[in-house]
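Novice: One structure is given below, represented as structure tokens, and several questions about it will come after.
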Amino acid sequence: MKQYIKLIKKIIRVGNQKKDRTGTGTLSIFGYNMKFDLKKGFPLLTTKKCHIASIIYELLWFLKGDTNIAYLNENKISIWNNWANESGDVGPIYGKQWRNWSTPEGHEIDQIKNVLIQLKKNPDSRRMLVSSWNVGDIDKMRLPPCHVLFQFYVFNNTLSCQLYQRSCDVFLGLPFNIASYSILIHMIAQQCDLKVGDFLWTGGDVHLYNNHIELAKKQILRIPRTLPKLTILKKPQSLFQYCFEDFKIIGYHPYPAIKGKISI
């Protein structure tokens, strides 16, 4: 993941010191692009160990259209606990918007299903997008979406995806985001009988929290290792029928984890 290390180095070199909502403060740049060729390996960070179970279970949670952390907690995943209310709900975030986007007329739109239909029937469409940024629901969300819009592209029977992320916690969040969308591309490619192509990532406010800067400096001293491979062990009848046990990461040999405090 040389792209990730290069990004950290740039933020440290030219980033702007900014105040932020959490009170922690950030070193920030505006506008950045990265590209990952999924044919060359699964882009799971090797310069520190990532908790792959959290990544997979969170993605499956989104795809269920779920917005209550009960499913995550049942599977010993706590990454959303800080934002849940007393009932375990986090508001109409990713899962709600992906699977049940509410219209002013009271209808609900399943954006993921619509994309799957287009990929199978009209793969040259330029309208294969999913948005999590529902302006009418923002005030109801415990944490508004950071990764807000993604688009699919098919050429030569190969599936690529581009993500726009308005706000990016580079040290803690970004490794999860890259891996999560790469898994999603693999899943959708399998369901649509396509090969995997590129994952393109675009960030808006791309930042290191001030309490992560020294940790990031430690991380960039580590030389990236060979990327692992992602294998999906079976093909369910539907994108929404995958389970954690269907995924296998082969050849993941990361450096030890570097723990950082999350800013809320």
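The backbone N, Cα and C atoms fix where each Cβ goes, and this holds for glycine too.
Remember, it's a predicted structure, so these values are computed and weren't measured experimentally.
Feature table excerpt (Swiss-Prot):
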ACT_SITE  Cys146  active site, nucleophile
BINDING   Arg21, Arg126, Arg127, Arg166, Ser167, Cys168, Asp169, Asn177, His207, Leu208, Tyr209  dUMP binding site
BINDING   His51, Asp169, Ser263  (6R)-5,10-methylene-5,6,7,8-tetrahydrofolate binding site
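Describe each of these features in terms of where it is and what it packs against.
Specialist: Residue density at Cys146 (active site, nucleophile): 19 other Cβ atoms are found within 10 A of its Cβ, drawing on all protein chains shown. Annotation note: Cys146 (active site, nucleophile) sits in a coil segment as assigned by DSSP.
Counting only same-chain residues at least 6 apart in sequence, those with a Cβ under 8 Å from the Cβ of Ser167 (dUMP binding site) are Cys146, Gly204, Asp205, His207.
Proximity of Asp169 (dUMP binding site) to non-local residues of its own chain (separation of 6 or more, Cβ distance below 8 Å) is seen for Cys146, His207, Tyr209, Ser263, given in sequence order.
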Novice: Determine, from DSSP, whether Ser263 ((6R)-5,10-methylene-5,6,7,8-tetrahydrofolate binding site) sits in helix, strand or coil.
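Specialist: In the DSSP reduction, Ser263 ((6R)-5,10-methylene-5,6,7,8-tetrahydrofolate binding site) maps to coil.
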Novice: Among the binding-site residues Arg21, His51, Arg127, His207, point out the residue whose Cβ has the most other Cβ atoms within 10 Å, with all shown protein chains included in the count.
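Specialist: Of the binding-site residues Arg21, His51, Arg127, His207, the most buried by Cβ count within 10 Å is His207.
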Novice: Select the most exposed residue of Tyr209, Ser263, where exposure means the fewest other Cβ atoms within 10 Å, treating these as the binding-site residues.
Specialist: Ser263
